[in-house]
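Novice: Under the heading domain 'EGF-like', TrEMBL lists 74-112, 115-149, 193-230. Per TrEMBL, the feature region 'Disordered' maps to 233-262, 294-327. The compositional bias 'Polar residues' annotation in TrEMBL covers 242-251. Marked as transmembrane segment by TrEMBL: 269-291. Under the heading compositional bias 'Low complexity', TrEMBL lists 294-303.
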Amino acid sequence: GGCEHRCATGPDNDPVCFCPPGRTINPGNRVSCEASGPGDPCATRRCQQICFMDGACGCEHGFKLAEDGTSCVDFNECADERQCLGENFMCVNTQLGFKCVCRVGFTSRHGLCVDRDECVSAPCEHECVNTPGSYRCSCYDGYMVDKASPDRCKLSCGRDECPALCDPNDGRQCHCPDGYVAEERPDGTVCLEINECEYSYCDHGCINTFGGYVCSCHPGFKLVEEYRCVKNDEEDPEEGSPTPSLYTSPPVTDPDPTHRPSAVTPGGLVGIIVCVVVLITLLVFGAHLGLSQKGKKSSSALGTPRAASEESHSLHRVTSHSHTDNF
């Protein structure tokens with residue numbers, strides 16, 4: 001029959017039964033457990049897992065005896081690379097031993113680990129290419145793999161100009177990649193690259209890139225705060241061409257793909273606002289002055305007849321008669 005408590009491998013690699021602490025194997029049947037007697041060496045040995053009849057401690061499968069001779073520690077069978085020899089198998093250590101499983105991207109079939117075709121589940125937005133243990137996505141012409149989401153594709157020109165992606169039902173609804181703006185032409189809508197250097201704040205040089213720009217400094221200067229150039233503490237005599245910065249501007253996204261972005265800078269906008277305020281002030285002042293002059297002229301024109309009338313009423317005609325006295 002089987003062991004009453006547990007079965008383990010003895011010192012001679014033979015299967016033997018063992019009992020929990022405080023009990024010992026019945027010497028008659030070697031399978032059942034009974035209370036330990038006063039002469040039992042295991043009563044004082046305090047083995048963590050197994051105590052053999054001679055007082056030696058042992059451990060269950062998957063463990064090994066520690067240096068103290070009584071406790072047991074987990075034994076990593078996977079340290080031996082020969083445990084799982086099958087192709088594309090890998091060893092996984094467990095508390096009571098180990099197990100062989102297939103590597104990621106493979107599945108078990110008839111005792112072998114075969115490649116699993118991940119493209120069956122259509123993980124890619126455009127095209128899927130199966131590879132051993134994995135897969136990769138590819139995109140149609142005019143698109144590129146999105147680095148933020150490798151399974152998806154985004155519009156890509158790769159040059160200064162390319163056709164826009166337009167709605168077949170509404171030709172006015174067209175889209176361009178980040179850093180490009182749509183322009184309508186007689187033969188269709190195209191995407192033109194935006195020259196971000198026209199709107200950059202680089203102190204010295206600006207290098208336009210697809211979807212952004214890079215600031216650079218003249219020899220003897222270094223880039224700080226991503227766009228400012230300051231003098232170096234010690235000028236490098238070997239320094240030649242402008243040193244490009246490590247800062248690349250974020251992509252410029254055109255909110256309205258049918259219009260180009262405004263070329264007005266923040267400083268120019270302030271100047272326009274000031275000019276408009278001054279012009280309005282001058283117009284109001286001129287209108288007020290004009291109305292005042294008109295009012296004075298009207299008052300003068302109305303006052304002249306009245307004065308003439310008053311003068312006519314105040315003057316009386318006096319007739320002088322000449323008399324001759326006869327003496």
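Including glycine, each Cβ sits where the backbone N, Cα and C put it.
Since we're looking at a predicted model, the values are computed, not measured.
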Novice: With DSSP as the yardstick, break the domain 'EGF-like' (74-112) down into helix, strand and coil residue counts.
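Specialist: Reading the DSSP string over the domain 'EGF-like' (74-112) gives 3 helix, 18 strand, 18 coil.
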Novice: Would you mind giving the whole-number mean pLDDT across the domain 'EGF-like' (74-112)?
Specialist: 84
Novice: How many helix, strand and coil residues does the domain 'EGF-like' (115-149) contain under DSSP?
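Specialist: Breakdown, helix to coil: 4 helix, 16 strand, 15 coil.
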Novice: Where DSSP helix means H, G or I and strand means E or B, what are the helix, strand and coil counts for the domain 'EGF-like' (193-230)?
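Specialist: For the domain 'EGF-like' (193-230), the helix, strand and coil counts are 3 helix, 19 strand, 16 coil.
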